[in-house]
Amino acid sequence: LRVWRVMLLAVCSRRPLLDAHLIRLSVRGLFSESGVWERDYKAETRRRVEQWWHGRIQEQWQRDAADQSSRKKFYVLSMFPYPSGRLHMGHVRVYTISDTISHFQRMRGHQVLNPMGWDAFGLPAENAAIERGLDPEDWTKSNIESMRKQLDSLGLCFNWDRVSESLHSTDGGLDLNFGVLYFPDEAIFNRHPADVRVLSKMLTANVVDVSSISIVFVSSCFLFRNSVLQPLLDALADLPEWYGVKSMQANWIGDCSGCFFNHIMKVDGRDSGEVLAAYTGSPEAVFGAAYVSVLPSHRLLHGSSALKTALLRALRPGRDSLTEVTALNVFTGREVPVVISSKKEFDGHLDTVMGIPDSSEEEAELAQSLGLSWISVLKTEQDGTQTLINSDEFTGQSRAEAFNSVTQKARERNAGGYLTSAKLRDWLISRQRYWGTPIPIVHCSACGPVPVPVEELPVTLPKVSSLSGKGASPLKTAQDWLRCQCPRCKGPAERETDTMDTFVDSSWYYFRYTDPQNPLRPFEHSRADHWMPVDVYIGGKEHAVMHLYYARFLSHFCRDQGMVSHREPFRKLLVQGLIKGQTFRVAETGQYLTKEDIDFSGPEPIQRDSGSRLQVTWEKMSKSKQNGLDPQEVLQQYGLDTMRLYLLYAAPPEQDILWDVKTDAIPGVLRWQARLWGLITKLRAAREGPETPNPSVLNKRERSEARKIWENKNYAITQVTGHFTEDFLFNAAISRLMGLTNTLSQASSRVVLHSVEFEEALASLCVMAAPMCPHLASELWAGLSQVRNPLGSVLLGKGSVLQQPWPSVDPEYLQTPDTLQLSVRAAIPESTDGNKMTNGKCWL
């Protein structure tokens, strides 16, 4: 239409058609737009290609997503971002990887789920809102809107219809049979005097000046997790795709070789109302306990416990102190004294242990020094094995047998017995902040803590008049929200005013994506089972321990509660490295400099003003380190596909990328894109000539050349498919496609014109490049699929390149050949007199 419009204008103005033709050449668009193929892939061509295909690819993704319900599922999930308002290059890398995998799996015929949400709650958003005098919700939603636009500008294809409001607004709630996990207790927090707030140990790490931090004990909320630690450890064996992360998870959990037993605490023979769990590494010898020992830092000595006075009265700092407090073991029914240990710490993170003299010389010496008696429970047989005595129904069992039977019976009696590690405590989820998920618990003076009924969930976060970041939880000021009715006795009660640690939200969001608009429950069992487990989970290596541990913990719990069928949430894990920028610091002061402040003219960079020498290194990109990089600037300079290819090609996903555009990665991917474009130009030019393509006219040498193209194509399909499905080495996949590009670039003109092998190899090359550079590949396919006189059927497929099926290896390529052609070099050795041997023998 544009061409005809120009010609019509020329005729109407009585100007020569030659001028109209020149005008047409100067204003023509892309092949997809004008039907005219440009010979070279220049920067302006790249800009118009990406502009043309950007919205069309995203729209096609959404249309295709609605019509794939009958296909086999594939769930690819990337860790969602904190909505700070600006994306950084680390975000771009992880979402480029997930987008690439999503396109690939859809081309393989899968129903793909690639959702996106926001890690919106938490301290950073609340502090940022306080600094600006804004409501945290308004601040967060504004940032979400901005980051959504940035993600769209990168051409990323997410299932935006899967975004759940409960993942990024004040509607957060958790209907996971919360009462089964929840229990109240006092916890150690650090008090910051500047704003009179308390901080968890994780948040304290973000405080610059920790010199004035003091320790306080605060009534808190915990999630009981000892019941799933051993299953979490055992299940790692079923995760072969987690590579080094499995050992990190195992080390974090620790060796689950002991357990806790519950004890009712007494003073002067009277029940104090306290129940204390004490750890032992020898549960089979539990009937031989002589005492329960607590650390001097234990909450019972510092909090609001009824035992505090009695314990402090007995405390002798630096000595093992026998107290008048006793502990009644719920499992054995035997009562033992409580001892305050002289130690500052026990193994791991324990603060309460059982003293069993038969299983430990140290514990026997302590019991003797305090004049304590105990019952011997282990008998050594003649063969050296030990059996139990004085242990009720377990008497006569070997230690190994008793270990299993005692712990099992303790679990059945709800007295403890869950195999656990000395390294991990129960999960403290309380945060004395406003911007977080409300904890669905109400406190009643008559009934104690009571879970909010399922039908009243989710508990929504109320508006508060102002936030200061100081003092107690801001939710205490929301009186209308705070006061409620006890679900159990219907008397007056108050809601829990702490909010959840954001690790709780991110530990189950993958479930919510499977059923994001469900108003009645977190997710429907059948929908979660359809999509779970996540087939590939992608994120930073800094989350390889804590976040993954919490996510696995919640998934195991949901399986035990009958909410889902799968125990493990993630099948494959893809942990990507950082993107690092070069930093320049003044050696004497440690000050980070911008490049404008540096003199690069000499052999080594120096500070421009002072001439001071600089420390040059590579660090994680950060504004404070003056080495940050705005993705939009990279996008403007190089374009979408070049940025995608660079991030995929510069290093394997698990390795760090040292961002330096002067290296071969950026020039390399720019050259490759131009060469791909040149191959389409080459084929189109050959097929638009006067000669009709005819494979039968190829001579023996040309047929051999075509055969090698065919072999190289099949080899590339095998290798690239393997990289996409097994090791995710996208850099190796691109290298293999570059190799196929070299082969096709060297093809003779007659092979280009007459061989179906060249045509099909070029088509496969475009299709395999499409997940990584979708905009360029879409335009390449538009030009290739409309080439004149196609020889094969591969170019007759309907739709864009991303709607084509992933190429498969030709069956003939997989067959074992009947004959094998070898090149043999023969040499006839000389005899001792220097003459050639003529007896017909030779050496190969």
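Just so you know, glycine gets a Cβ as well, placed from its N, Cα and C.
Noted in TrEMBL for the protein shown:
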- 75-159: domain 'Methionyl/Leucyl tRNA synthetase' (DOMAIN)
- 251-410: domain 'Leucyl-tRNA synthetase editing' (DOMAIN)
- 423-581: domain 'Aminoacyl-tRNA synthetase class Ia' (DOMAIN)
- 619-659: domain 'Aminoacyl-tRNA synthetase class Ia' (DOMAIN)
- 707-817: domain 'Methionyl/Valyl/Leucyl/Isoleucyl-tRNA synthetase anticodon-binding' (DOMAIN)
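Contact between the domain 'Leucyl-tRNA synthetase editing' (251-410) and the domain 'Aminoacyl-tRNA synthetase class Ia' (423-581) holds: at least three of their C-beta pairs are under 8 Å, each pair 6 or more apart in sequence.
The DSSP breakdown of the domain 'Methionyl/Valyl/Leucyl/Isoleucyl-tRNA synthetase anticodon-binding' (707-817) into helical (H, G, I), extended (E, B) and coil residues amounts to 79 helix, 0 strand, 32 coil. On the 0 to 100 pLDDT scale, the domain 'Methionyl/Leucyl tRNA synthetase' (75-159) averages 92 in this prediction.
Note on the domain 'Methionyl/Leucyl tRNA synthetase' (75-159): DSSP counts are 47 helix, 7 strand, 31 coil.
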